[in-house]
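Some notes on the structure that comes next.
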Amino acid sequence: MNHMGMNHMEMHHHMGMNHTDDNITMPPHHHPTTSASHSHGGGDSMMMMPMTFYFDFKNVNLLFSGLVINTPGEMAGAFVAVFLLAMFYEGLKIAREGLLRKSQVSIRYNSMPVPGPNGTILMETHKTVGQQMLSFPHLLQTVLHIIQVVISYFLMLIFMTYNGYLCIAVAAGAGTGYFLFSWKKAVVVDITEHCH
């Protein structure tokens with residue numbers, strides 16, 4: 001249907017709508033995660049996300065459209081799962097650091113005596129560097145990095161639901177994971193860390 005030649009100012013008289021009214025009031029919605037906007041006749045409606053923190057367990061979408069929390073038991077299960085995911089994320093970061101330390105560039109210095117001028121003996125030092133881009137440690141680090149990035153974005157999206165229970169699960173899981181896994185870690189700041 002071509003709407004290019006239509007006069008939209010005359011439409012409001014026939015459709016009962018006044019588009020020039022500045023005092024439009026919308027009826028309050030009952031749940032902060034779902035608010036249907038006006039439909040354009042195609043049956044599709046837009047879901048509004050909350051912009052403030054709320055504590056509820058009904059109709060909470062968790063990452064995927066088919067994963068909806070509607071009961072206190074489902075929220076408790078989601079809390080535990082998100083808590084464990086955040087803990088796993090912290091453990092994965094520490095594990096990657098340990099693997100990186102073990103597989104870092106191995107530099108060996110070999111000293112050999114060589115004859116010098118006037119019959120003196122000099123020590124010549126050779127440096128051998130061993131690290132390749134297509135090595136197993138580097139490929140493993142790459143796969144683990146991809147997993148870490150995906151998990152970090154999942155945790156960010158979970159936090160962005162603004163559901164208080166799920167936000168607490170992310171923060172508590174990350175804190176517990178850090179407490180459990182990084183107590184032996186040297187104080188190093190990772191500037192490439194995602195979502196913190």
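Each residue's number is its place along the chain shown, starting with 1.
Glycine too: its Cβ is placed from the backbone N, Cα and C atoms.
Of the listed residues (Asn23, Asn118), Swiss-Prot tags Asn23 with N-linked glycosylation site; the rest carry no such note in the record, though that does not show they lack it. Taking the topological domains listed in Swiss-Prot, Met49 lies across the membrane from Lys184. Sequence-remote contacts of a segment are chain residues at least 6 beyond its ends whose Cβ falls under 8 Å from one of its Cβ atoms, and for the transmembrane segment (75-95) they are 57, 60, 62, 69, 144, 147-148, 151-152, 154-155, 158, 165-166, 168-174, 176-178, 180-182, 185, 190, 193. Within 10 Å of the C-beta of Thr120 (phosphothreonine) there are 8 other C-beta atoms, taking all protein chains into account.
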